[in-house]
Amino acid sequence: MALSTRLASSLWRALKALHWAAPRQCRGLSTPQGSEPSLNLRGIFPPLATPFSPTQEVDYAQLEGNLHRYASIPFRGLVVLGSNGECPYLTPCEKVEVVSCVRRALPRDRLLLAGSGCESTQATIKLTVSMAEAGADVALVVTPCYYRGAMTNAALIHHYTEVGDASPIPVVLYSVPANTGLDLPMEAIITLAQHPNIIGIKDSGGDITRMGLMVHKTRQEDFQVLAGSAGFLLASYAVGASGGVCALANVLGDPLCQLDRLCHKGQWQEGRDLQHRLIEPNTAVTRRFGIPGLKKAMEWFGYYGGPCRAPLAPLSPAQVEELRSTFSANGWL
């Protein structure tokens, strides 16, 4: 890390503490004993699905309708422009307008995390600044992966350091190997956790040993670990994760917030029972049927799912029936 960045660390921390001096929830499990993070990420964040019209245009009215329905669920905040938001299929102008739309509808006490990761460092910085101007509280920056063979520790550390230095809002790293084919290396995570403007990571890989090591190795830093899936949320909390960014929260937001509460209260038996009922539905709307499955399930629970943007295709009738059976067998329908 650049010497100038290290020297600026104490100033960055002081500025962030002043900026986020509003009342916080209680300390997340990954926070070092006796301290609080400058921006507490404890809780559940649904990575919002982007609603499209039948002609595959962004449907802002339906987006606002979903946001109104989510307002009664005790989410810590929302994620926009993540993998489940079909981010790669949106134009730069659409991305900014989606963030602006969500910010207008979202209470100020709820955080707005916006995906701003691009393939180049320059483009990532530009989009991150745009997300901040549109009202995002935190930038969620996925690993660049097109030239994954060249994404060494040094390259990734340099990329994220430059983004962290330039970003007007805090940065959360985003490792999603199922989509990128690239796990953000542990060495890079440990180094980047020392950056004063990089406050955490969303890890979607599902390796609990790795997540526990992240928490352990960054325990002295202002850095939090977020589970990237509902399927391993309880296990993530057991090793010290603070919260979760879970696709299933688009559908079963209240149960996931309940699981969050049970874990943070230490009610592990009740939490385990609830976690078991969430595993199969979560797999169905992620690995098995993906975003088309997620959007179909949303419709059964009173939300607008609608079509995906091509080339993502809708589910077949047989797939829809299998998806419904998965939710029914676990008592959700």
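Along the chain as shown, the residues are counted starting at 1.
Heads up, the Cβ atoms here are built off N, Cα and C, so glycines get one too.
It should be emphasised that the depicted structure is a prediction, and the values quoted were computed from it without experimental measurement.
Taken straight from TrEMBL:
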- Y174: active site, proton donor/acceptor (ACT_SITE)
- K202: active site, schiff-base intermediate with substrate (ACT_SITE)
- V245: pyruvate binding site (BINDING)
Number of other Cβ atoms within 10 Å of the Cβ of the residue listed as 'active site, schiff-base intermediate with substrate' across all protein chains: 27
Rounded inter-Cα distance in Å - Y174 (active site, proton donor/acceptor), the residue listed as 'pyruvate binding site': 11
